[in-house]
Amino acid sequence: MGYLNNVTGYREDLLANRAIVKHGNFALLTPDGLVKNIIPGFENCDATILSTPKLGASFVDYLVTLHQNGGNQQGFGGEGIETFLYVISGNITAKAEGKTFALSEGGYLYCPPGSLMTFVNAQAEDSQIFLYKRRYVPVEGYAPWLVSGNASELERIHYEGMDDVILLDFLPKELGFDMNMHILSFAPGASHGYIETHVQEHGAYILSGQGVYNLDNNWIPVKKGDYIFMGAYSLQAGYGVGRGEAFSYIYSKDCNRDVEI
């Protein structure tokens, strides 16, 4: 069901969907229900807007399929807005601050506030990317900078000392950065050490495998292609399940800032 699965038009079965939306708390968005959004600057792309302030998030996530020569040459970002791009599949060419980046699967680009990024598909076949934007929260004496690389080059961290849960950190742990992007991977049977409750929000896109996720104390099956929004203080934890393939997702997290009152 849905454009990502190429099942649209006349139905041959009951209308059904695994999606769950609890505004400000959590949401599970599945490929079956996602629709295309027309966004100025995105040409020859299928773009879906995921988390937004309308859902209760302080950020915006996108899932974008770039067809041949598709991309955004107008510029993604803006004054006071930080952005992040991750290549799920394919090859793209991205530009920012006068530099050009050839990004393949696992490639990423972070642009600090005020720096626009452009990108275009670099192959005849479709490429798919995960995009993020958020209004930057400044702190006196510190500033972020442009960061690019590939997930394959990042240090593999044993999450909380567990050999079967691997964490990748995309951005420096510096006070200039008010957010980070990570990949968390669970071997089948592995899990978080405890159910978390914290002020940070997450937007998570599942890259591989299957899992069972606790969202506000509801245990919910999830799998590759699903998207999860977790609001501040929403209970959260997950298990990897299935046979062989790791349960992995890329996710954002706000950090390094006090709470304004």
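Glycine is no exception: its Cβ is also placed from the backbone N, Cα and C atoms.
According to Swiss-Prot, the protein has these features:
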BINDING   GLU196, HIS198, HIS202, GLN236  Mn(2+) binding site
BINDING   GLU196, GLN236, TYR249, LYS253  substrate binding site
DOMAIN    184-230  domain 'Cupin type-2'
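Here the features listed in Swiss-Prot are placed on the structure.
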residue: GLU196; record: Mn(2+) binding site; Cβ contacts under 8 Å, 6 or more apart: LEU235, GLN236, ALA237
residue: HIS198; record: Mn(2+) binding site; Cβ contacts under 8 Å, 6 or more apart: ALA232, TYR233
residue: HIS202; record: Mn(2+) binding site; Cβ contacts under 8 Å, 6 or more apart: ILE228, PHE229, MET230, GLN236, TYR251, SER252, LYS253
residue: TYR249; record: substrate binding site; Cβ contacts under 8 Å, 6 or more apart: ILE183, LEU184, ALA204, TYR205, ILE206, LEU207, ILE228
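Of the chain residues outside the Mn(2+) site list GLU196, HIS198, HIS202, GLN236, THR197, GLN200, MET230, SER234, LEU235, ALA237 have their Cβ within 8 Å of the site's Cβ mean position. The number of other Cβ atoms within 10 Å of the Cβ belonging to LYS253 (substrate binding site), over all protein chains shown, comes to 16.
A strand conformation is recorded for GLU196 (Mn(2+) binding site) in the three-state DSSP classification. Mean per-residue pLDDT, taken over the domain 'Cupin type-2' (184-230), amounts to 98. In this structure, LYS253 (substrate binding site) is part of a beta strand by DSSP.
Counting residues of the domain 'Cupin type-2' (184-230) by DSSP class, helix then strand then coil, yields 0 helix, 28 strand, 19 coil.
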